[in-house]
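Features as listed in Swiss-Prot:
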- 1-38: transit peptide (TRANSIT)
- R242, K461: substrate binding site (BINDING)
- D374, D376: Mg(2+) binding site (BINDING)
- 374-377: motif 'DXDD motif' (MOTIF)
Amino acid sequence: MTSMSSLNLSNAPAVCRRSLPPAKLRLPEFSTVYGWLNCSNKHEPLGYQIRRKQISKVTECRVASLEASQVGEKVGPAVRTPEEANKKIEESIAYVKELLMTSGDGRISVAPYDTSIVALIKDKEGRDAPEFPSCLEWIAENQMSDGSWGDEFFCIYDRVVNTLACVVALKSWNVHADKIEKGVSYIKENVHKLKDGNIEHMTSGFEIVIPAIIERAKALGIQGLPYGDPIIKEIYTTKGRRLSKIPKDMIYKLPTTLLFSLEGLGDLDWEKILKLQSGDGSFLTSPSSTAFAFMQTKDEKCYKFIENAVRNCNGGAPHTYPVDVFARLWAIDRLQRLGISRFFQPEIKYFLDHINNVWTENGVFSGRDSQFCDIDDTSMGIRLLKMHGYNIDPNALKHFKQEDGKFSCYGGQMIESASPIYNLYGAAQLRFPGEEILEEATKFAYNFLQEKIANNQIQEKWVISEHLIDEIKLGLKMPWYATLPRVEAAYYFQYYAGTGDVWIGKTFYRMPEISNDTYKELAVLDFNRCQAQHQFEWIYMQEWYQSSNVKAFGISKKELLLAYFLAAATIFEPERTQERIMWAKTQIVSRMIKSFLSEENTLSLEQKTTLFVEFGHDINGLNKINSVEKGNGLAGTLLTTFQQLLEEFDRYTTHQLKNAWSQWFVKLQQGEGDGGADAELLANTLNICAGHIAFNEDILSHRDYTTLSSLTNKICRRLTQIQDKKILEIKDGSIKDKEMEEEMQALVKLVLEESESGGGIDRNIKQTFLSVFKTFYYCAYHHAETTDVHIFKVLFEPVV
């Protein structure tokens, strides 16, 4: 792990800082934007042959020309030019890359409590001095003005356990009498607050370690502490009651959470305890527990662990170390949900390789080399590793399944917290065929969370995050299949608090790689830049709608907006303008054709049949269609629009697109034009326009490609029928159509898993099929009112 002082990380707490954070941009109010986009007299026609460079240029000006008054007061100077906007993004990306690539053992804030226990270790050479004097110095330098020690976020449990421990450490070496006095006064004046403390925010092992600290304080003769206070006596009683329920020999048999608080357990058989020591020398990654073990055993592995933790944490000790697994997994999760992971693909690959290397058959814990695993880190690991193509066995979750069918964060859990079960739910949604443990996990997690929400009993003891409950509610309403990337990001901006999140362990702590304001600042700037470009593309789409007389085919502008939204919410990157435009146009033109062929008009049935056949079998000869057909207004408009759609590309791409449309026409003629063929056409079009096919048309006949095409066709045809009939049935967070669910799982498996034998098709090609399928599922799952809200959030709502 790099020094905690690197990258401007302060040592108390170790949280990332930037002298000039990226500006938060604000777009004009929605009413202005909406009116501007929908009133043709508000702007000059752009012409439907607009190109990517033109859009990008106008977008840069849009982002950069914001008034200074629109920029938050605390985020530095206003961004006024395209160069400044791009520079802000580039600086933030560079900063985050450096942060991630120097993560090492993971960054975590120093814990006063653990630092105090380590400070008690006497010099190994027998001198009357601490072995780790830097810990004593850290304590002396980090007392708060009110006499307490702890996180700036006030919680009486955190302040009491930290302050008691710091007072004991200072008194043990008879230094800083003034600080001891202030600390004692704080405890005496505030201990009564424990009676009304928020039980959900009680620090881990509080009732186990407090009596042990108090006994040490008594032995040191510290005067003035409220030893006889009723609340203190109650804590002693609670500890006795809890420990009486645990068989004495259990602690020696296998790793349990008791190893995290050895300093609070009293007499132990240390020979047996040492057999449960982790490979890095720690006891469940706890510096305080390991320090106590060293004081009892003088074990050299314990010492090496403590020495390493103190050296890498600015002279203090965190509440847990290392946090390499925890930091990496949650950092990836945050970057993905904020919509900025594309900037950090090499770093994410590096992180996931590390997680894969330390993975065990029972999962993982917050730090590597731990015999103990928990469902939180394991669930997050399963989801992210599977999502990125790693071959991971979800049966690790069986380790957390109890005899009654319930899942628990770890054995012996007294109160089940919400966030680990929510992460279990997230992992369980990424299910491949035959993964029964994930089916069981889905049902349990969904019902557990729904019941807790319904009864207003959501309890969270691992993190203090203001909007966690809202995040969970949304996650249950919007499962992974029905979530589009930019919709997820738009909502996550509301929930992600950056450095405002506080984590709960033995003490409160901060995680810069997880909770980082620069992440959000970069995400907001990027979202606004993308949104501005999407708005200009929407202007262009409206011009195309008018010039192509799309309305005459019974297609409303709102339907056009939905088609464009699905594209923009899925492939949102600024450089993918061409793909977004083709996505929306392909959906609309295919509907125009079906509308023309199905509605009564001036053409006879025989003429329409002739036109239909010529479309399907002689696309290259569109100009040769007889004059009778061209003379019909709608037929002429349709032919012109269709021809323009194909001719916007080079000859070879146009040739490939014509082939894709020919296949679609054949299926339409065979009566398969009810969604499935549309999805297949869309996936083929996107892969062609993105250059994935290029001069290698053999890909189109590859076994994986044809299987994906077939699955996408079949699933999306069924989803279209469901959408039309509005009969999507959901139970326990899963659709009741088991056949379709199994097909969806097969598609996801084929897309995400890397081919074991090699020779598979490019991952980006496969991802296109998943993206298209998810938009069909999205439309079948969500009501129109919900979709309207999402359209507003993604395309028009300013993000600040």
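Each residue, glycine too, has its Cβ placed from N, Cα and C.
Sequence features annotated in Swiss-Prot and their locations in the structure.
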| residue | record | CB count, 10 Å |
| --- | --- | --- |
| R242 | substrate binding site | 12 |
| D374 | Mg(2+) binding site | 24 |
| D376 | Mg(2+) binding site | 26 |
| K461 | substrate binding site | 22 |
Pairwise Cα distance for D376 (Mg(2+) binding site)/R242 (substrate binding site) [Å, integer]: 24
Helix, strand or coil at D374 (Mg(2+) binding site) [DSSP, three-state]: coil
R242 (substrate binding site) to D374 (Mg(2+) binding site) - Cα separation in whole Å: 21
